[in-house]
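First the structure, in the form of structure tokens, and then the observations on it.
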């Protein structure tokens, strides 16, 4: 049954959904990597599609920007459409000099300055981590594809234009591989509602060197990340 934000029916979504922030990137992923694709959501322009990858039913849908937006979509997918696994495929900014533009980062955990997980966890600190098997499958998929993916912590920020530049020094000291805006929230939603989640990011810009990719490149050229996500789903089916 349709929700306020998703005009689909039970069965329209696969049990695994890849979720970029940008709905146009969702469309690109569906058209480029999936077969027998059909649109299953278009409410508020947040496009969702279901198709098959090597015969395996998979869905892809945008989640918007920031923890509030992605939390709405992931919660509804899990509780109203039977989705079991969420794989965020997005972009992040690097703060360490050994992390380069277009590197793939597998988010084993996610720190955050958001308070949403404290709200849901009764004002205690919640360890926002990915599902271990999904991390392992993504690492194995990356190795099989010849991609040298980085594995470690992300930082999910509430502010894109942060006034606190010194925080980047702290992130670097603590080994944060990338800064984005959603992973900690998605991991919290998955934990609350009994699902599994993983975030895979491609470095789209470097906060130290000011290198950056264009909007068009972010939409269409981060194919290694998508291939890792899709192949990891197939590996999970074999487990």
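Keep in mind that glycine also has a Cβ here, set from the backbone N, Cα and C atoms.
If you check Swiss-Prot, you get these features:
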- 205: active site, proton donor (ACT_SITE)
- 5, 180, 181, 182, 204, 205: purine D-ribonucleoside binding site (BINDING)
- 21, 25, 44, 88, 89, 90, 91: phosphate binding site (BINDING)
- 218: site 'Important for catalytic activity' (SITE)
Cβ neighbour count within 10 Å of residue 44 (phosphate binding site): 14
Alpha-carbon spacing, residue 25 (phosphate binding site) to residue 180 (purine D-ribonucleoside binding site), which is rounded to whole Å: 16
Proximal residue to residue 204 (purine D-ribonucleoside binding site) among binding-site residues 21, 44, 90 (C-alpha distance): 90
Those recorded positions of 44, 88, 205, 218 having Cα within 10 angstroms of residue 5 (purine D-ribonucleoside binding site): 44
Assigned conformation of residue 204 (purine D-ribonucleoside binding site) - DSSP reduced to three states: strand
Length of the line joining the Cα atoms of residue 89 (phosphate binding site) and residue 180 (purine D-ribonucleoside binding site), in Å: 11
In the chain carrying residue 218 (site 'Important for catalytic activity'), residues 6 or more apart in sequence that have Cβ under 8 angstroms from it: 22, 25, 91, 204
